[in-house]
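I have placed the structure first, in the form of structure tokens, so that the comments after it can refer back to it.
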Amino acid sequence: MWNVPLLVILAGISVVYSLLLHRFTDIKLYHRPPLFFFLGMGLLYFVLGSPLTLISHLSFSLHMIQMSILYFVAPPILLRGIPGPLFQMILKNSPYPKLSKVFFSPRLALYVFAALFLMYHLPVVLNTFSKNPFIHNGYISFLLLLSFGMWWPIVSPDPNQSLSKGEKKRFAVLSGLLLMPACLLFVFSAVTDGITNPFLTRLTAHLCLPSQDASLHILPPLFNTKYDQAMAGFLMLGIHKMSLMVTSRIAKKESKTLGEI
């Protein structure tokens, strides 16, 4: 099922972004920053407003791919799409410019995100979300905000708030270590529970589907075994690491281009 209201909201944000870009910068819509921004908006809609949202609840692997795109791929792409001059203009005209330093405290955002992301996949928390969709949506949205704060020092449009090369490496290692418990949770569940794990058979599928029995016949058998849970944990760390590597390479290419100019 497609989420039309979300499509309207994201389209409206894209229109406002285009108007601000046209008025306050010389950047054209076919240049790299706008392409990054529109790609990021498309990814947000793909993971939150497309049928993937429903399908991802059938398998931990698909669920973790959705979560990884939402928190580890879309945010850095969107931040890459915000030109420095446009950000400075927005910050200058903001009624609360000092709040950005609090919100974008990288370590605070990383610690809180890692803790809440781990809690999200605990059975008791998933059980609460299955009964309260409003709380579930709010939790997901808050994690998304934290993910932007987590990525901010790595791909910030403001050079003054961006970490140095060495600091970025240490921050990347720290983020991997803090996300490790969530990965180990899946692996441990795979070893101890296997196919009877309540995450898949009773809780996660119930977020959107009325019957767990029907969901178990939609995907191949591999997605309904204990291997699915272990694969979900490793997929999360793999996508996170890949996103860090790609973001770092893009930053290096951009810095070389600016140096040549």
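Cβ atoms here come from the backbone N, Cα and C positions, even for glycine.
Automatic, uncurated: that is what TrEMBL annotation is.
Straight from TrEMBL, the features:
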- 6-24: transmembrane segment (TRANSMEM)
- 36-58: transmembrane segment (TRANSMEM)
- 64-87: transmembrane segment (TRANSMEM)
- 108-126: transmembrane segment (TRANSMEM)
- 138-155: transmembrane segment (TRANSMEM)
- 171-191: transmembrane segment (TRANSMEM)
Discussion item. Using a Cβ cut-off under 8 Å, which residues of the same chain at least 6 positions beyond either end of the transmembrane segment (171-191) come close to it?
Written reply: 60, 64, 106-107, 110-111, 114, 117-118, 121-122, 150, 153-154, 163, 197, 199, 226-230, 232-234, 236-237, 240-241, 244
Practice prompt. Sort out the residues at least 6 away from either end of the transmembrane segment (138-155), same chain, that have Cβ-Cβ distances under 8 Å to it, and list them.
Written response: 70-72, 75-76, 78-80, 103-106, 108-110, 112-113, 116-117, 120, 129, 161-163, 167-168, 171-172, 175, 244, 247, 251
Practice prompt. Take the transmembrane segment (64-87) and find every residue of the same chain, 6 or more past its ends, with a Cβ under 8 Å from one of its Cβ atoms.
Written response: 17, 20-21, 24-25, 27, 33-41, 43-44, 46-48, 52-53, 56, 113, 117, 140, 143-144, 147-148, 150-152, 154-159, 186, 232-233, 235-236, 239-240, 243, 247, 250
